[in-house]
Amino acid sequence: MDKSWRIVFFSCFLLLSLCVPPSLAQTCRGHTFSSNQVFTACSDLPVLSSFLYWNYYPSNLTADIAFRKAGASTNTWVAWALNPTGQQMVGSQAILAFHNSSGVPTAYTTPITSFSPSMQPGNLSFQVSNLKAEYSNGDMILFATLHLTSSLISTNQVWQEGSMSGTSFNSHAMDSENSASVGTINFETGATVAGSVGTSTKKNVHGALNAVSWGVLMPMGIMMARYLKVFKVANPAWFYLHAACQSSAYIIGVAGWGTGLKLGSDSPGIKHTKHRNIGITLFCFATLQVFALLLRPKPDHKYRLYWNIYHHSIGYATIILSIINIYEGFDILDPEKKWKKIYTGIIIFLGALAALLEVITWIIVLRRTKAVTSNKHVNGSA
């Protein structure tokens, strides 16, 4: 091969090398640690350019592990965790690595007990020793010895990354890779399996069903009853529209409530007490409203006044609690900010429309009252 062909071949090889993303070019095999530590098992984790290495010692149920995140900067925090409660963030027994205020790689343990964790040092449900962090050539690596229990030999693993602002830990992104950084690991057999996003899908379905039913259809149904019946031409159509809208909201809401119960049973280590209690209260209130429809007395019945007070009070309380609980759900689910903004826009629109219709309703009522009074005066004079 003459010199010119060698130059062309080398140039093509160099271009191809530059075009291959680091996450695709790297694997766990063949990596050499600065301490020359050797691991018998390793896994290329499917997302976030991350790799896990370990040696498992069945005699004392310990495992020496190394978690490596490629392409990390000095402003990146990384975490790896075991989570016996599920493939999720909450409940994770995490090991965190980052650069401290002096620029030194630091590692410590931190249990994740909520969707807004403090990320401060804390003890895990199992012992961790020989903990240290190392940063070299864009790789953030944390080393540790895990003192496992028999239930943790095969369990769920979670890993994550995020940025830092000074000494503060910023929330990690919510894109597809960060949402898929879960799986299972068996320290004994060396098997790792990528996780499923089924739980996230269920959460999204739960949130969407409840936002549409309790948060949109219920207020619309109340507005139909409040503002349509003032128009004589809408009588009795307003009642059937109101009943249809509220019935649809109830059916969809019960489906959303059911998915919430399922999520709770699938995640026994996670408690959202306030969200759960408000949800149960809403279900009870809505069910009472359904029975109220069946027991609705005629307009001239002596108990109709009391029924109206009960029906209106429960209805307005349901709307207030619904909106509060939907925002609670947003904080728990932590979706993209646009969804919270969209729902807020819908509520503002419905509120503005209700205010406008309230003014129109009072104008119509006052005019009718005035007309009736004038007619009585004319008839009395005659």
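Just so it is clear, glycine is given a Cβ too, placed from its N, Cα and C backbone atoms.
Keep in mind that TrEMBL annotations are predicted by a computer and have not been checked by a curator.
As given in TrEMBL:
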- 1-25: signal peptide (SIGNAL)
- 48-162: domain 'DOMON' (DOMAIN)
- 168-366: domain 'Cytochrome b561' (DOMAIN)
- H206, H242, H275, H311: heme b binding site (BINDING)
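Annotated features, which come from TrEMBL, shown on the structure.
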{"residue": "H206", "record": "heme b binding site", "contacts (Cβ under 8 Å, 6+ apart)": "G256, T259, G260, L263, G329"}
{"residue": "H242", "record": "heme b binding site", "contacts (Cβ under 8 Å, 6+ apart)": "G221, I222, M224, A225, L228"}
{"residue": "H275", "record": "heme b binding site", "contacts (Cβ under 8 Å, 6+ apart)": "N325, E328, G329, I332"}
{"residue": "H311", "record": "heme b binding site", "contacts (Cβ under 8 Å, 6+ apart)": "Q289, A292, R296"}
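Taken over all pairs of the listed heme b-binding residues (H206, H242, H275, H311), the Cα spread reaches a maximum of 27 Å, rounded to the nearest whole number. DSSP assignment over the domain 'DOMON' (48-162) gives 3 helix, 65 strand, 47 coil.
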